[in-house]
Amino acid sequence: MKGQGQQGQKGQLAQREPWITPYFRMYSGRFALYLILGVLTLLTASMLMFTSGFLISKSATMPYNVLLVYVPIVGVRAFGIGRAVIHYVERLVGHDAVLRILSKMRVRLYRVLEPQALFIRSRYRTGDILGALADDIEQLQNVYIRTVFPSLVALFLYAAAVIALGFFDWTFALLIALYIFVLVAVLPYISLKLTRKMDTQVKQERNGLYQKLTDAVMGIGDWVISGRSADFLREYEQDEEAVMRKERKLRAWARWRVLIGQLVVGIAVVSMIYWSGAQAEAGQIDYTLIAAFVLVVFPLADAFLPVSEAVQRLPEYRESLNRLDRISGRDSAAPSGASAAKVAVSPEAVAAAAGSAHLRLEQVRFAYGVGDGNSVDGVTLDIPQGKRIAVIGRSGAGKSTLLKLIQGAIAPTGGAVTINSVPSADYGDDGIPRIISVLNQSPHLFDTTVANNIRLGRPDAEMEELARAAEQAQLAELVAGLPQGLDTPMRETGQRFSGGERQRVALARVLLQNTPVLILDEPTVGLDPRTERELLSTIFRSTAGKTLVWVTHHLVYAEQMDEIIFMEHGRILMRGTHAELMEREPRYRNLYHLDCPKEG
């Protein structure tokens, strides 16, 4: 039970935890190694240039014995090879850590979204989710390898360079410290102040383009049919050009920033030439060290110049984090009554409900937000195991909300929804799938085999069980005609099959799941009347003994239901058996005659 409690709170913990800092602790060893290697890379590069400068100057004096330059020759070779090897290992360690983090971030985002699957489309736009999964998560890898660690390495080398130079001349060391301060503090601050607003705008507008393009791709058929595809492309290109103008301004400033940084480095080089020459003139250092001191400035500059770009990226990271926080911290803005941290019930209670489930709704009310009207208002239902109930009503009557309440996806703002006297929300994300299965109007079929699509209902099922579920769903003849039987690929979204065949595959999936309660959420929408009747006949025949909650707009086979309720404005307007409603409710009788003229 303790393990189930921890599992039930996993999504909540993921929502409260920051997106950046936990991974510093998780991968502290790798990051420490990455920092050390980063420092060593620049130190070996500096020593390579220092030794090379000394070797060139010493060789120019034409020493009478090659042994006098043997040590610097060996040093150049060692530092040259060492720099390349250390830099390679540094990149390997850094990217290994970052790719591990990206993997965990994506899993974490999925864990945040997965419990909200039943109402995810009403909360988020598809483009936002795709943007978060692709762009925002990808963007955050740069926090580590392009911002935090380069800045830490630069600050370490800043201190080391000033201290090392201080051993020769503290006055000149302070002057160099001022130059470096301009590179690691002043220039980044100015860059951030000048570009922060525009960087934020570019990020937000890019997100808008992402959403607009996603929306257009999903509706591309309608754009083409309406003859408006050219209008969309023109509008999209105008919006993209507006974003690109801002990006060009940012790139123009980046070029100026690099130029200013190079000028500061150039001034530092000239100052180093002047100082080292003066020091050699005064006999403080050897003349052969002048080139060594000057050349060492260049690899150190490679550590300081990227700091400006690293700091300038902060607004982009903030926007990415804001969007991830809006998604992962959604509970704070969730609809009133949304299911919060779920209390795990005992395994025995889940097992009992998986065998026989008695559903009760007692004066249930639910509103999506403060001040909103009740989507479900005072609904009372008693559904013992095996009862078949149909829920009808126009769009917006509260039918879908009622299903979410039964599934425990949301908790009522008033009244109670229970399964075997336990609130449905308390069964959690692991318990409910063992009790309730759903066949909706557009089940997703994956680009894999028929068998794998059916096996989603129970991953450990044997092939014999899959075949039996397919036979119950009246798929045996179809499967027999496929080139590879159950191992035949279905193609993306099941395009290989017709609408009725796809629904039968989904039915086989829920039959394999073998739950005591089956929710039918308008599974025949879009099917022709004959296919609709055949599918419903198959469903009712194959689910004998199971509880059925059937949401529908049609009254075909309504006579097979034990109870029919008609909802309007969240309330039950009519209820009874088909015969009772036909006798006493003229409105129901008229609807039935329109829907089923032959039976009428």
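Placement of Cβ uses the backbone N, Cα and C atoms for every residue, glycine included.
Those TrEMBL annotations? Automatic predictions, nothing curated.
The domain 'ABC transmembrane type-1' annotation in TrEMBL covers 32-316. Among the features that TrEMBL reports, domain 'ABC transporter' is placed at 359-594. Annotation comment: TrEMBL describes 31-56, 62-82, 143-164, 170-190, 254-275, 287-305 as transmembrane segment.
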Seg_contact(the transmembrane segment (287-305), the transmembrane segment (31-56)) with at least 3 CB pairs under 8 angstroms, min sep 6: yes
Per-region confidence, the domain 'ABC transporter' (359-594) (mean pLDDT, whole number): 86
Selection from 62-82, 143-164, 254-275, the stretch that has most Cβ pairs under 8 A to the transmembrane segment (170-190): 254-275
Among 62-82, 143-164, 254-275, stretch most in contact with the transmembrane segment (31-56) (C-beta, under 8 angstroms): 62-82
Long-range Cβ neighbours of the transmembrane segment (254-275) (under 8 Å; 6 or more residues past either end): 169, 172, 175-176, 179-180, 182-183, 187, 191, 290, 293-294, 297-298, 301, 304-305, 308-309, 312
